[in-house]
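Engineer: My questions will all concern the structure given below.
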Amino acid sequence: MAANNMVNPAVDPALEDELFAKEVEEVKKWWSDSRWRQTKRPFTAEQIVSKRGNLKIEYASNAQAKKLWKILEDRFAKRDASYTYGCLEPTMVTQMAKYLDTVYVSGWQSSSTASSSDEPGPDLADYPYTTVPNKVGHLFMAQLFHDRKQRQERLSVPKDQREKLANIDYLRPIVADADTGHGGLTAVMKLTKLFIEKGAAGIHIEDQAPGTKKCGHMAGKVLVPIQEHINRLVAIRAQADIMGSDLLCIARTDAEAATLITTTIDPRDHAFILGCTNPDLEPLADLMMKAEAEGKTGAQLQAIEDDWLAKADLKRFDEAVLDVIAKGKFSNAKDLAAKYQAAVKGKQISNREARAIARQLLGQEIFFDWESPRTREGYYRLKGGCDCSINRAISYAPYCDAIWMESKLPDYAQAEEFAKGVHAVWPEQKLAYNLSPSFNWKTAMGRDDQETYIRRLAKLGYCWQFITLAGLHTTALISDQFAKAYSKIGMRAYGELVQEPEIDNGVDVVKHQKWSGATYVDELQKMVTGGVSSTAAMGKGVTEDQFH
């Protein structure tokens, strides 16, 4: 029988180690760049290289990430901002490229308009986790195509005539929504891998629990512990390092409006967890189970819970201590309160340590029970806010490139408080801001303030700002306006609302055949057929000649 010549030849271990050591040094050199001056990696270059395969793949994501980082570095240094909005589809991405230097891909928009299951829904991140990466790929492929199309057109014209032609940078870096990572750490890594493969320059990930994730402007948000979210950020960086990408990682916190947290395991969260300060109440979960056993339902159960919460007098532990001081018979109450606050404020100490400080100062135990108010699902109650968000952002900073605090309102004072709180510890930390369409901008501020809001935020270090759903809303607006007018005045509506404004404003899509790449494809065909084609799409008879 002939020998099997298909068996892989033996690898020389010495050469294998030599190549490994060389690649490790390359990674260490990469990490020594100023790009990573604030980045903390709890893993080694050896660990990263050992997770790579033998075939080195250069991802477009890396070039786009470097471009995005350069933009944000420049904006942050100048206290300026790159601002953009959520893009729906290729037409939109080509028009955005003329005026904006980044592109955003929203999970909310994808959930409602582009789920890979084709089933639309609200922003609960319950769509397949390929959904947003697929939208990134959709847009990035369009960017690449229109870049090729434009280059071909420019190079087909003599050099002295090219200044008359458009020279648009279609390759605007894309930042995309990774929600909560869609699962555990390996899910986060696989999601990151998809984003890099599809061409994303950056992604953001929030500190909500995956199973209960909500849009940032919905109620019922449940946070994960600080360390759990740090683990997600580390997972993103590790996966990007394995793939050799400078992918930007933006840490989002929903702590400003969150009311629940999964566990008390992380002491850095303890100061913001609510406890019952009424020792006469039985645990809420026990009370609710009894009520259900008695046959109570719906509104009756809600009334029982509301009554219990009203009696529980829920407080953060620090609030409970200060309340005891204020209501007690302490001759030096003001001094005690100041000493307690000085001992705990901003220290990220555990509840056990805070109790010991209070006991030493007051000579008594503080009744505070964070177990009894737990929800039926087992979640602990939390009092979020800007201070809670700052606390989390300070912990996330070494593991991400920018930080975003989701907020209820476009509140400049709150944005300033957050920025100052973060920059007091991490002065170089880049910040991001959601200019959300969930805000009622008319009631929030006057038109003059609306016009300057981005610039004012930029002065605080918010170097990347975005309207998450502007693509959705602008599409809805023109669709409603056109459909309404078309139903009444027919083709006059198309002429007045669409075609004439397209021509007047020089919108390239008015020549939609050319915009779609018909000329470019004709040139491909001619290249293959020796320069002649009787079936050229843009040949004699094309109706687009009417627009010359």
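Keep in mind that glycine also has a Cβ here, set from the backbone N, Cα and C atoms.
So Swiss-Prot has the following annotated:
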- SER106, GLY107, TRP108, GLY216, HIS217, ARG252, ASN434, LEU435, SER436, PRO437, SER438, THR468: substrate binding site (BINDING)
- ASP177: Mg(2+) binding site (BINDING)
- CYS215: active site, proton acceptor (ACT_SITE)
Engineer: What Cα-Cα separation, expressed in whole Å, is found between the residue listed as 'Mg(2+) binding site' and SER436 (substrate binding site)?
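Structural biologist: Roughly 14 Å, rounded to the nearest whole number.
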Engineer: For ASN434 (substrate binding site), just give me the three-state DSSP call.
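Structural biologist: Where ASN434 (substrate binding site) sits, the three-state DSSP reduction gives strand.
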Engineer: Restricting to the chain of SER106 (substrate binding site) and a gap of 6 or more, list residues whose Cβ falls under 8 Å of its Cβ, or answer none.
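Structural biologist: Looking at Cβ-Cβ distances below 8 Å from SER106 (substrate binding site), excluding near sequence neighbours, one finds GLY86, ASP177, THR468, LEU469, GLY471, LEU472.
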Engineer: Between the binding-site residues ASN434, SER436, SER438, where is the Cβ count within 10 Å the lowest?
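Structural biologist: With the binding-site residues ASN434, SER436, SER438, fewest surrounding Cβ atoms within 10 Å: SER438.
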Engineer: Of these binding-site residues, TRP108, ASP177, which scores lowest on Cβ atoms within 10 Å?
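Structural biologist: Across TRP108, ASP177, these binding-site residues, the one with fewest Cβ atoms within 10 Å is TRP108.
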Engineer: What does DSSP call TRP108 (substrate binding site) in the simple three-state scheme?
Structural biologist: helix
Engineer: Does DSSP give ASP177 (Mg(2+) binding site) helix, strand or coil?
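Structural biologist: The three-state answer is strand.
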